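K.L.:
Dropping the structure in here first, questions after.
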Amino acid sequence: MNRESFAAGERLVSPAYVRQGCEARRSHEHLIRLLLEKGKCPENGWDESTLELFLHELAIMDSNNFLGNCGVGEREGRVASALVARRHYRFIHGIGRSGDISAVQPKAAGSSLLNKITNSLVLDIIKLAGVHTVANCFVVPMATGMSLTLCFLTLRHKRPKAKYIIWPRIDQKSCFKSMITAGFEPVVIENVLEGDELRTDLKAVEAKVQELGPDCILCIHSTTSCFAPRVPDRLEELAVICANYDIPHIVNNAYGVQSSKCMHLIQQGARVGRIDAFVQSLDKNFMVPVGGAIIAGFNDSFIQEISKMYPGRASASPSLDVLITLLSLGSNGYKKLLKERKEMFSYLSNQIKKLSEAYNERLLHTPHNPISLAMTLKTLDEHRDKAVTQLGSMLFTRQVSGARVVPLGSMQTVSGYTFRGFMSHTNNYPCAYLNAASAIGMKMQDVDLFIKRLDRCLKAVRKERSKESDDNYDKTEDVDIEEMALKLDNVLLDTYQDASS
């Protein structure tokens, strides 16, 4: 309702009441105006009524919601199901145009505005999380792996001779397949063991750059967030190598936005060397459904090139999800979640440490990994290979999700490449182990329930192992008794034969 509508309403209802309602509406509109003017995440989260008003105002700016609209094209925002239309708040046209995912659509001003605001809010949050000098970013409706592929395909046009991507090993399939899908040959750099941690082999990286030649290398593809005992790559040193040899640097920052340490590494890498783009998942960092990522970087023109590489229009669902989430939380709400995650990491670490010691195991010392933890499973692995994988199955059937058990010597072929010791990020890690992570949104009750169920599973596996050991002992003892009886029979037979003769 506008001013004229309220004035007309005063003829039907007491003007004092109408003016009060008008003031209430203005308070909602004031929040919306501040958002459009500043393009930053509000400090305090919005209530649902403000959010729904804002989304409704945007949606009616799209041509499919015009009163009396007549569409005669092949794509006019028609939706057969009213439920589907409501699910998307009647944003049907998606984002971008055929030549650029960030471009404005003439017949979808509301969706275009939604896209611009979302990208602006996400940029603000990335700065808040620790990468203060980021220049540009955009939300893309693909998960991390395909978003990395889009970055590699953009670099292809800038480096036509390149055929290799140097990749410090991380045993995660999608980031590996992102390079294969883009048509490049991954050059796997094995990690080095320093204490319990697996760290970047910088000498091997530089040696491979010199061996292959900088012109033949598309980029170095590094990683921040990862499963312990692997830790984030030495981003500063890798960024310096990239700057010295004029090689692009793409960072897989999948769930690193929630970690101040990961974001600091990216900021420092860009300060001392070269980082062209870093990619992060929406669902892992902002607690929204799977299917979106953020591509960000320090060179505005390069990020625009990546957005123009995306073919066709794109789904607005990931952008809408993260926009609603950030406006609901506000920057203070998101900062609170980051703080709670750090606290849960310390709590989870302490609880796993106590439990591991009770079973003669230990928490691996991985101080450079700010999200993931690992506990040894030596006592299980020494006795029976299947005991380690059995523990993982038991946890899963007891509704513990996210925990990973990593046995020794696992082999895995991914896109024609065979990895020894797959899941452990190295060919021969010294022991089997169990992973758990403290990610954004974790609560204390999650940790307590996990520790309780892990304790029960470890007891059950040990009890079964002990029973098998007893059974094996009994079988061995029976065989020994039979052999002794047979020998005694032979002695008695010989004695009888001697007496007879």
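Cβ atoms are placed via backbone N, Cα and C, with glycine included.
So Swiss-Prot says this about it:
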REGION    1-44  region 'Tetramerization'
MOD_RES   Ser14  phosphoserine
BINDING   Arg75  pyridoxal 5'-phosphate binding site
REGION    96-106  region 'Phosphate loop (P-loop)'
BINDING   Arg97, Ser98, Gln105, Arg313  substrate binding site
BINDING   Arg271, Arg398, Lys463  tRNA binding site
MOD_RES   Lys284  N6-(pyridoxal phosphate)lysine
REGION    474-493  region 'SLA/LP epitope'
K.L.:
Tally of helix, strand and coil residues over the region 'Phosphate loop (P-loop)' (96-106) according to DSSP?
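P.N.:
Secondary-structure breakdown of the region 'Phosphate loop (P-loop)' (96-106): 0 helix, 2 strand, 9 coil.
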K.L.:
Around the C-beta of Arg398 (tRNA binding site), how many further C-beta atoms are within 10 angstroms, looking at every protein chain?
P.N.:
14
K.L.:
Which residues in the same chain, at least 6 apart in sequence, have a Cβ under 8 Å from the Cβ of Lys284 (N6-(pyridoxal phosphate)lysine)?
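P.N.:
Counting only residues 6 or more apart in sequence, the Cβ neighbours of Lys284 (N6-(pyridoxal phosphate)lysine) under 8 Å are Ala254, Tyr255, Gln258, Ala439, Ile440.
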K.L.:
Within 8 Å of the Cβ centroid of the substrate site residues Arg97, Ser98, Gln105, Arg313, which other residues of the same chain have their Cβ?
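P.N.:
Apart from Arg97, Ser98, Gln105, Arg313, the close residues are Gly94, Ile95, Gly96, Gly99, Asp100, Ala103, Gly312.
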K.L.:
Ranked by the number of other Cβ atoms within 10 Å of their own Cβ, which of the binding-site residues Arg75, Arg97, Arg271, Arg313, Lys463 ranks first?
P.N.:
Arg313
K.L.:
Where DSSP helix means H, G or I and strand means E or B, what are the helix, strand and coil counts for the region 'Tetramerization' (1-44)?
P.N.:
31 helix, 0 strand, 13 coil
K.L.:
Which of the binding-site residues Ser98, Arg313, Lys463 has its Cα closest in space to the Cα of Ser14 (phosphoserine)?
P.N.:
Arg313
K.L.:
Let me make sure I understand the span of the substrate site: among Arg97, Ser98, Gln105, Arg313, what is the greatest distance between any two Cα atoms, in Å?
P.N.:
10
K.L.:
Return the maximum Cα to Cα distance in Å (whole number) over the record's tRNA-binding residues: Arg271, Arg398, Lys463.
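P.N.:
Taking every pair of listed residues, the largest Cα separation comes to 54 Å.
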